[in-house]
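J.: Take a look at this one; I'll ask things after.
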Amino acid sequence: MERNLKNVLVISFGFLLLFTAYGGLQNLQSSLNSEEGLGVASLSVLYAALILSSMFLPPFLIKKLGCKWTITGSMCCYIAFSLGNFYASWYTLIPTSVILGLGGAPLWSAKCTYLTIAGNSYAEKAGKRGKDIINQYFGVFFLVFQSSGIWGNLISSLIFSQASNKVEIPEENLACCGAHDCMTDTANITVLEKPSNSLIYTLLGIYTGSGVLAVLLIILFLDQIKSDQAEAEKENLEAPSFWSTFLATFQQLKDKRQCLLIPLTMYSGLEQGFLSSDYTKTYVTCALGIHYVGYVMICFSAVNSLCSLLFGKISQFSGRKLLFALATVTNAACIIALLLWKPHPKQLAVFFVFPALWGLSDAVWQTQTNGLYGVLFEKHTEAAFANYRLWESFGFVIAFGYSTKLKVYIKLYILLSVLVLSMVMYGAVEYLETKSSPGTPTATKKVNVAPVTQESHM
């Protein structure tokens with residue numbers, strides 16, 4: 001097997017194991033740790049810490065540790081969160097949420113930097129375009145990674161199904177489901193009773209073991225990756241100061257293209273936050289019961305995973321503009337339909353159509369936006385991907401922050417508005433790129449990366 005592809009697969013399966021655990025835990029926080037809103041509070045703290053991490057840590061850690069050991073250390077932060085859930089309290093979950101948040105941005109930034117360098121390395125040897133190989137690598141990664149939602153939800157569903165206590169939903173409550181939700185505390189009638197401690201500990205043990213396997217996989221099988229820039233930096237002997245790397249994330253905002261991509265990057269967090277918190281609660285749980293949430297999210301993850309691979313491969317033929325247009329039309333149609341639809345248990349198939357279409361759109365937002373960052377900001381990838389995690393996390397914080405404050409239809413209008421703004425700004429980026437290099441040949445274009453002392457969806 002080609003060495004770079006082997007490394008891509010190692011990272012992909014490492015993230016699969018890690019996020020099988022984290023994704024399942026995130027979806028269960030509001031149910032398992034509902035007392036005094038502990039679960040929701042821990043997620044809010046987690047994403048706030050992730051924002052701070054995005055601002056300060058990724059460029060510094062990647063330059064000091066290299067991508068491999070940044071990924072390894074960051075994964076350990078996720079394991080700490082799993083351990084904190086064994087005895088869930090304000091004194092365990094909040095600190096471990098901070099730890100996870102601090103490790104989140106370096107993890108994703110290091111992953112993106114690694115895949116970008118690996119893509120360039122193979123493209124140079126094979127005489128292909130760097131951006132095409134990078135898109136393919138991100139497609140492979142997200143194919144494997146997005147399936148973590150399938151396994152995480154499936155594991156929790158199988159373990160907790162024996163403790164299910166399904167409740168018949170009255171017609172008057174069904175009338176309150178959907179965009180104009182009128183439910184208050186009665187929305188909780190379909191929430192399952194908390195499972196027994198033995199079932200909870202069994203699930204947490206599986207999740208923790210999955211995280212440990214992810215760390216071992218990276219340590220044992222991921223190669224140190226090097227670039228010409230990294231070697232030059234080592235020979236220079238003058239390590240970059242903390243202050244310079246500290247400012248790198250903010251200095252990236254001097255690039256007009258980075259500023260124009262902020263709405264698109266934030267939208268990625270907003271749309272994911274809406275699906276996992278509002279759609280599952282106001283549509284699925286309200287009309288069908290909480291025992292259907294896992295299956296709905298499995299549908300989303302399965303379509304997302306398959307489309308990630310598909311779009312990663314066809315992007316070199318169709319171009320990213322066509323894929324962004326497809327995602328925009330699909331997502332906008334879903335938002336408008338959700339504004340009009342009155343969910344009812346007799347329309348069971350419809351509950352799965354929306355997450356399937358949402359998964360198709362999210363596959364574009366994830367693969368193509370990541371690839372776009374790698375192509376546009378070829379000389380500052382660490383700072384650029386740190387900005388990606390920063391603004392996506394900000395979108396998550398907003399989505400979770402107003403989740404209990406606004407009606408669903410207002411959130412849908414916000415989503416639609418940000419989507420339109422994102423595409424207008426993205427169009428401006430493409431215009432700037434066309435204007436800056438109208439006649440530049442791209443057949444053998446190589447995407448360079450920032451200096452790194454080599455060997456980042458939450």
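Quick reminder: no glycine exception, Cβ is built from N, Cα and C everywhere.
Sharing the features that TrEMBL gives for it:
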type	residues	note
TRANSMEM	39-57	transmembrane segment
TRANSMEM	69-88	transmembrane segment
TRANSMEM	94-117	transmembrane segment
TRANSMEM	137-160	transmembrane segment
TRANSMEM	199-222	transmembrane segment
TRANSMEM	292-311	transmembrane segment
TRANSMEM	323-341	transmembrane segment
TRANSMEM	348-365	transmembrane segment
TRANSMEM	385-403	transmembrane segment
TRANSMEM	410-429	transmembrane segment
REGION	438-458	region 'Disordered'
J.: Which residues, given as numbers and ranges, are at least 6 beyond the ends of the transmembrane segment (292-311) yet have a Cβ under 8 Å from it?
T.: 27, 138-150, 153-154, 156-157, 275-276, 280, 284-285, 323, 351-352, 355-360, 362-364, 366-368
J.: At a Cβ cut-off of 8 Å, and with pairs 6 or more apart in sequence only, do we get at least 3 pairs between the transmembrane segment (385-403) and the transmembrane segment (94-117), yes or no?
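T.: Yes, the transmembrane segment (385-403) contacts the transmembrane segment (94-117).
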J.: Between the transmembrane segment (410-429) and the stretches 39-57, 199-222, 323-341, 348-365, work out which stretch tops the count of Cβ pairs under 8 Å.
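T.: By Cβ pairs under 8 Å, 323-341 leads among 39-57, 199-222, 323-341, 348-365.
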